[in-house]
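According to TrEMBL:
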| type | residues | note |
| --- | --- | --- |
| DOMAIN | A:258-386 | domain 'Cytochrome c assembly protein' |
| TRANSMEM | A:6-27 | transmembrane segment |
| TRANSMEM | A:39-63 | transmembrane segment |
| TRANSMEM | A:75-94 | transmembrane segment |
| TRANSMEM | A:99-117 | transmembrane segment |
| TRANSMEM | A:137-159 | transmembrane segment |
| TRANSMEM | A:171-190 | transmembrane segment |
| TRANSMEM | A:254-272 | transmembrane segment |
| TRANSMEM | A:300-322 | transmembrane segment |
| TRANSMEM | A:334-351 | transmembrane segment |
| TRANSMEM | A:363-385 | transmembrane segment |
Amino acid sequence: MVQLSSTLLYVAFVLYLVATLFFGGAIRVKKKEGVDRWATIGIFVTIIGFVAQLGYFITRWIAAGHAPVSNLFEFTTFFGMMIVGAFIVIYFIYKTSLLGLFTLPIAILVIAYASMFPREISPLIPALQSDWLHIHVTTAAAGEAILAISFAAGLIYLIRVVDQSKPSKRTFWLEFVLFFLISTLGFVIVTTSFRVAGYEATFEWIDKNGKQDEMVYHMPALVGPHEGVLKTEERMKPLVDMPAIINARKLNTVIWSLFSGLALYGLLRLLLRKRIAAALQPIVKNVNLDLVDEIGYRSVAIGFPVFTLGALIFAMIWAQIAWTRFWGWDPKEVWALITWLFYAAFLHLRLSKGWHGERSAWLAVIGFAIIMFNLVAVNLVIAGLHSYAGS
Amino acid sequence: MKEKRFWLRTVILAIMLAAIGYTIYSNVFVEKKAIQVGDSAPDFVLTDLNGNKIQLSDYRGKGVFLNFWGTWCKPCEKEMPYINSQYNVYKNEGVEVIAVNVGEAKVTVQTFVDRFQLTFPVVIDQQDQVMNAYDINPLPTTFLIDKDGKIVDIITGTMTEEDVKKYMERIKP
Amino acid sequence: MEQVKCECGHVNPIGTVLCEACGKPLEEVPALLDMRYEGSARRSQTYNKTIIDKIWNFFSSVKVGVWLIVITLVASAIGTIYPQQMYIPPTVSPSEYYEQQYGLLGKWYYALGFHDLYSSWWYMLLIALIGVSLVICSLDRVVPLYRALNNQRVTRNEQFLQRQRLFSRAKVEHDETAFRNVVDKLTKRGYRVREENGNILAEKGRFSRWGPYVNHIGLIIFLIGAMLRFVPGMYVDESMWIREGEIKEIPGTNGKYFLENKKFIFEVYEKEKEKEAFQAAIDRLGSGMMAKNYQTDVVLYERVGPVVAGEEPKLKKIKSFPIRVNEPLKHDHYALYQVDFKLDELKSMSFHFTDKETNKSFGTITVDLIQPEKEYDLGNGYKVQLLSYFPDFYFDENGNPNTRSKVPNNPAFVFKMFAPDRPKGEVSFTAIRQTIEPLGNNKYKMAFANIETRNVSALTVRRDFTLWILGVGGAIFMIGLIQGMYWNHRRIWIQRMDDEVLVAAHTNKNWFGLKKELEGIFNDTPFVMPIDQADKRS
C-alpha cells in the first residue's frame, strides 16, 4: 500500500509535467479555430494526474490510518493537489488554457518542494489525534490553493501589462517574484543532487543553552553552526560560523537555494538576453485582460470563505478542544490571521476603492507570498506549537 | 431630522466608546482576581496544629488579619515575628490573626511555629480549598477583614513591623 | 433634510449620484457608471458640521478601515518575530531573557512592548477601532443601498442604460411572441421579472448585496463575545496539578466539584508494537521517542451540602472519565484538559533502622512524603521521631537546611532515633545520598531502603460563557460571506424607446457568468445581445 501510494504520487507528478507541455502547445492555437485539441488533451492529462494523486492520498490514508496531512511533506503535497483541483474547477468555468501553463508549474514546484522533507508515514502525536486534523487541515489547504489561483492569474496579468521596454520598479519586482519561483526550483535541484550524492557532514556545536550537540548537514556547509567542529573527513569547512540562536543548517539551505536560484536566473537571462518576464510576454499577448482579472478576483471570492472556514473557524474549534483555548497567538495562528486580514483588505480595496486590474494583480501576488511565508518560514523558522509540522 | 441624526450618532459612538474603554481598562489596568477589596470574605473552616477547628465566621465582631504563608517563602519568614509581636498587642483590642499555611506537612509547619514561637492560630490548608477560594498567588498574601466580615484590603509582598501595626489598626473594631 | 428632485419626479436624498428611481445621473459621472453603491448618497459625506459628524465621517471611510486593517496586519507580524512572553520559559525574567537570547534587537523588542503585543492596550484599541469602522461603514452604506434598490423603477433613464457596461441598442420590430419567449427564459433562469409599459427589469440574487452587511454583523457579534470575556464570571481559566490517588477541589468551581486522579498514563510509540507503515518514521526519530498518549483516568465528584472552604467535603460521584489530549472532560459548562504531567514523583521513602557496625536492622519505617508521621514506633524500645522535614531540600544562604517548595523533589529529614541502649536518642540528618550527624558519632543510622513513586498530572480548567456568542458570530459571518461571495446580483433591462430597443445588464461580480447567461437568453431572439463596453477601452 505504501509503495503503491508513492508510485501514484510519482505518476501524478509526471502527468502534471506532461499536461503543462500540452497547455504550452495550446498557446499558439487561436481561439477562433474551434476546439483546441492541445488544451483538451492538457486538461485530460491534468485530470488523470489529479486522480492519481487522489489515489496517493487515499492509499496513504488507508496505510496510515489517518489523513496524510500531518507533517510538512504531507501537507504541502496536499496543498499542491488542491491547487491542481482548484485549477480544474476554474478551467471548466473559464476555459483558459493559459492558466494551466502557469498554475501547473506552481503546483509541480510545490509538490517537488514537499518531497524534499521526510516522507515516511509517521504515527500521530497526541495533539493531532483528532478528526479535526483532516477537517481543519484539508479545508485550510483548499482555501489557500484556491487563493493561489489568483496568484497565477495575477502573474499572467502582470507579465502581460508591465511595460518591458525600459527598466522600472514594476519590472524589478516582477523579476523578483519570478526569481523566487526559480529559487524554489534551485532548492529542489540542489537538495536532490546532494541527496543522490549522499553528502553528509557532521558537526559538533554549542547550542544557545551552552550545551554541546550534533548537527548533520546534507549540503556543504557555507555557514557553520555556533562554535561548530567538523567531524566528518574530507568535507568542506564552513566559511563562517553562526551565532547560537540561528539554525545554521536551515540558513545554509536557504543560502544554497538562493545561490542556485541566482545561478539559474543568471543563466536564463544570459540565454534569453532579456528579462524573464519580457521573454514570457509573447506567450500571454493574446490573453483577455478583463477575463484574467476576473479569474483572479473570483478565485479570491471563492477561496476567501473556504480559507476563513478552514484556517480560522475550524482551527479555532480544534484549538479549543486540543489546546484548551480557541486562540493563543501562536505564530501560525497569527499568520493565518494576517493572511485573512490581507485578503479582507484586498476585497475592500477592490469593491469599495475600485482597485482592479494591475493593482489587484499585485495584491494577489503579495497574498500568495504571505501564504507561502506561513507555509514555509513560520514552520521552519519561527518555532511554535505548529512546529511538529516542520519535522 | 438633523437633530435626530446628531443624537443617533452621538449615542452609537458613546456606546462603542464605553464598551471599548471598559474592555481595555479592565484588561490592562485591573488585576483579574476572583476576590477583591470590598467583597465579603469567604468563610472557611480549618484545623490548627492542636486539632482545634477554626472557622472564620466565628470571628464576626473582631478584625481578622488573615495571612497566607509557606515555610519556604523568605518574606513570610521575615514578617512572621512582626505579626507575632503585634498580635500580642492587638489581640486585646479585638484583632485576631489566622495564619493559613498553604498545605505543607504538619511536621514542617510545627517546626516552623516552634522556631518562631508563634502564639496565634496556625492552620493548614491541606486540600488547597481555602487557597482556591481566596485565589492566592503569590505568597505571602494578607487579607484585612473588618468586624463585619468585609475585606478591607489585600496586601501582597513583605510587610515591615510598622506596616503590620498600621494594618491591624485599620481593622480594630 | 435637503433633497434633490429628479426629472422623473422622484425625490432623492442630497448627495445622490444616480436617481434612485430612474437612474439618471444627477452629477458629473464617467462614461461607464460606477454602480458600487447604486450611486446612492453615502450619508456621512453629506453632513460635516459637528465634531460628532467629523468622527463619524472619519470612521465611515473604507480607506480608513483598510488602513486600520493594514496597521493591525503589520503589528501582528512584528509580534511573531520573537516568541511572545507567554511562550518563553516561565522561570526567567522577560527583561533579561529577550536581551540574552536576541541581543540588542531583543532588548528593543522588550522595551517597545512587542513581547506582550497582543494584550497591549494599543493592539486591543486597533482591533476595537476596526470594530467601530465596521459598524459605521456598514450603517452608512446599507441604508442608502436599501433605499436605492427598493425605489428602483422598471423604466430607466436612457443615460443610465447606455452607460452600463453591458449595453446594446437596435431597431427591433415589436414581436409579442419573441418578447414572451425572453420573459419565459428569464423566469426559468430564476429572474424576477417586472414589466411596465412593455419594458422589463429582470433581477436575481439581490440578497447577495446584503452579504457584506450580514458578515459584518457576524464580526461585530464575535468582537462583542471577545469583549465579554473580561466581564467577571464569564470566563474561568485555572490549572491544577493532581497526584495519582489524590482527591482535590477543582479550582474555579467555587468548591463545588472535586476530582480524583486514579491513574496517569503516558505511552510512546515503540517499534515492535506499531504497524509496518510506521517503522521507517519510528526508526528515524528513535523508538520510544515519540509520544502516543497522555491520559488521566479521573473520577468527578460533586460536593453535597453547603460549601465551606476547608471542610472535609461530602462527595457524590458524577462520572469516571479518561481525560486525553483532544478529549477533555466536560460537565456543567466546565472542561478539564490534559496539559502536562510529571512522571515518578516521590511518594514515600522507607528506611531501615540499622546498627552502623553490624548492619543489623531493627525494623523499617515508611515515611509518607506529603504527610509524614511525627513518630514511628518499631517496638522493643526502638522508635524514630521526625524532628524536621524538608520536602525540597537545599542549604540556604546561611547554611541552614531549608525547603524550596512543598513538593517532595528532594526530601530531607531530621530523625531522632531511640534504642534501648540510646534512651536519649541520636539525631541524624538524612537526605538523598547524604547523612550528617550533627551531634557527634551515632551508633545507629536510618539506612535508605526503598522509594515509592507516582505520577502527577496537570489539568487546565476552563469555563467560557462567551463561546456560544463567538460561535453565533462566526456562523453569521460565514453565512454573510457565502451569501455575498457565492451569489451575485444580476439585473437585465430591456426598454423600448420609439422603434429602438435598449438592452442593458449589470452584475456586481462575475461578468463572465452574466455574459454567458445573456447569450443563452438572447440567442434566437430578435433582441441584440449587449456588448461589453469595457472591452472597447482596453
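The first residue you see is number 1, and the count goes up from there.
From the backbone N, Cα and C atoms, a Cβ is placed for every residue, glycine too.
Contacts between the transmembrane segment (A:99-117) and the transmembrane segment (A:254-272): absent, as fewer than 3 C-beta pairs lie under 8 angstroms at sequence separation of six or more.
Most Cβ pairs within less than 8 Å of the transmembrane segment (A:39-63), among stretches A:75-94, A:137-159, A:300-322, belong to A:75-94. Among A:6-27, A:75-94, A:171-190, A:300-322, A:300-322 has the largest number of CB pairs under 8 A with the transmembrane segment (A:137-159). DSSP labels the residues of the domain 'Cytochrome c assembly protein' (A:258-386) in these numbers: 107 helix, 0 strand, 22 coil.
Taken as a whole, the domain 'Cytochrome c assembly protein' (A:258-386) shows an average pLDDT of 91 in this prediction.
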